Amino acid sequence: KSSKREWKPLEDHSCTDVPWLLLFILFCVGMGFICGYSIATGAAARLLSGYDSYGNICGQKNVKVEGIVNSGLDLTHKKYVFFLDPCNIDLVHQKIKSVALCVSACPRKELKTLADIQKFAETNGSTLCSYELQSSEYTTDPRAAKLCPKYPVPESAPIPFFHRCAPVNISCYAKFAEALITFVSDSSVLHRLISGVMTSKEIIMGLCLLSLVLSMILMVIIRYISRVLVWIVTILVILGSLGGTGVLWWVYAKQRMSASALETQIAKDNLQALLIYAIAATVFTVILFLIMLIMRKRVALTIALFHVAGKVFIHLPLLVFQPFWTFFVLILFWAYWITVLLFLGTTGSPVPNEEGFVEFRMVGPLKYMWWYHAVGLIWISEFILACQQMTVAGAVVTYYFTREKKNLPFTPILASVNRLVCYHLGTVAKGSFIITLVKIPRMILMYIQTQLKGKENACARCMLKACICCLWCLEKCLTYLNQNAYTATAINSTNFCTSAKDAFVILVENALRVAAINTVGDFMLFLGKVLIVCSTGLAGVMLLNYQRDYTIWVLPLIIVCLFAFLVAHCFLSIYEMVVDVLFLCFAIDTKYNDGSPGREFYMDKVLMEFVENSRKSMKEAGRGGGAESRELKPM
């Protein structure tokens, strides 16, 4: 008995995993050093102001680079980078393979001949040919064919804040885009897809806004009618899937019978896409019905937790906005990370290359800053997501283990954030680092797989995919265990390893309940996501049906449905998190309390009714004394 530690919810608060917090702070200091180093070495100036192929930064005086003829120039009045051949893109190294010069103005109209280039230089004072060639020599010097830009020179405009002259008409990048989309063999298909998106951009924006509104409405429904939510979502999904499938077949039959169905290529593409959509929707509906038929007897197990979760959102309305704050912080960090990454791309010492131009390369240990920066992206992103999990867990734990709900803090979310910052940042840092350790080798293996694609044998390809799959499964399992460890930390204020062990023991003792409640609960939330995606997709089909003769549907519908799923996932993942935290609290409550004086339950009355009903049904089903009934015996 002495080896068993009692749970004491919210009684003690102490700092947890302090060494890991110090390690995380040191790591962040290293990230700051990388940013400071790149700025101090001039990378920020080279990124923002731009530089030419000779190492000169545009818009300022420069220092001579040994061995480079045109380096060390005074380019104070030449503030823009101009590429002699801006459409020559190196697909392998993903950069513009062209000589870059600093010019005083970008050509605002197309220049078709050398005479036009010479006239532009004399009129605007902006020389578009190499520095050693005078503007008066453009039409007479034979070197002009090599030292001047490839003509016709496209109309260009400076990119805001980055001082690069970019072609106004980006059609010259069409080959680059088509090379990225390898499944498109006919370039006309790509052009029709892009034109379809541009034609229906207002509809796409409206449908994305509709998905956001539907997600908010679904969250409101969860708050107020959680008891009947399961059945409402089930019925709506049945009607939505049947209606969506029926509408797709109806639209397909109507267009096929119409006289103009085969007149244009766009109409033919839409007809084929509708057939594929209709068949896929039919298969999906049949599979969905089969799954719902199997799960129908276990749906009742989730109603009690869903009802209590709805009460949680009523008492803690700020939980709904957690995805916004997390997404906002992630966007800020990713913007910082990308900025520093761009700095690193232009940092280092100037080194002449084999073509006689200048490249900036990092030498010695500093060249490994790329790897450090990449690890920082994963660890800090996981840290931000873990902070959200700990915040939600702390707020729900406070709600569950407060007997009198009128004694709740004024803002439990802010109280949870305060406890996180004061006591548990080290635990969050350790948990996120464990996920990072699993993500890094998986990403390395995925990179190796892409590099060896088409070169490795079947056995190596199978082994790579198996390793990637195993690491992905391990990452998902650790993520689930981490979330429960954060809940245990919020309850007992213990360090990460102790909390993870305690949470694991509780989950193992309730293995079948975990499987039933999580499976059914996750499935019902998945149905909510399906409902939002189907509703948004159905609205998209109805709206795009009016533009069927000049708009191709494939890409707009894919964009809208993906956005709708992401929005629904962001909102409903918070609800899923609340249900998981409530279940762990419920399991701990039923294990260490029995309702007797001094050991009263903390749980809501709805959960008490759920326990009593479960006991009655289990007693009736367990009279035979089978192994399953013994494992399902009330705790």
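The backbone N, Cα and C atoms fix where each Cβ goes, and this holds for glycine too.
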**OP:** Kindly point out the range from 457-478, 523-544 that TrEMBL annotates with transmembrane segment.
**Re:** 523-544
**OP:** Sort out the residues at least 6 away from either end of the transmembrane segment (274-294), same chain, that have Cβ-Cβ distances under 8 Å to it, and list them.
**Re:** 234, 237-238, 241-242, 244-245, 248-249, 251-252, 255, 523, 530, 553, 557
Original post:
Among 20-40, 203-222, 228-253, 327-348, 368-401, which stretch has the highest count of C-beta pairs below 8 Å with the transmembrane segment (523-544)?
Top reply: 228-253
**OP:** Give the one range among 203-222, 228-253, 327-348, 368-401 whose Cβ atoms make the most pairs under 8 Å with those of the transmembrane segment (20-40).
**Re:** 368-401
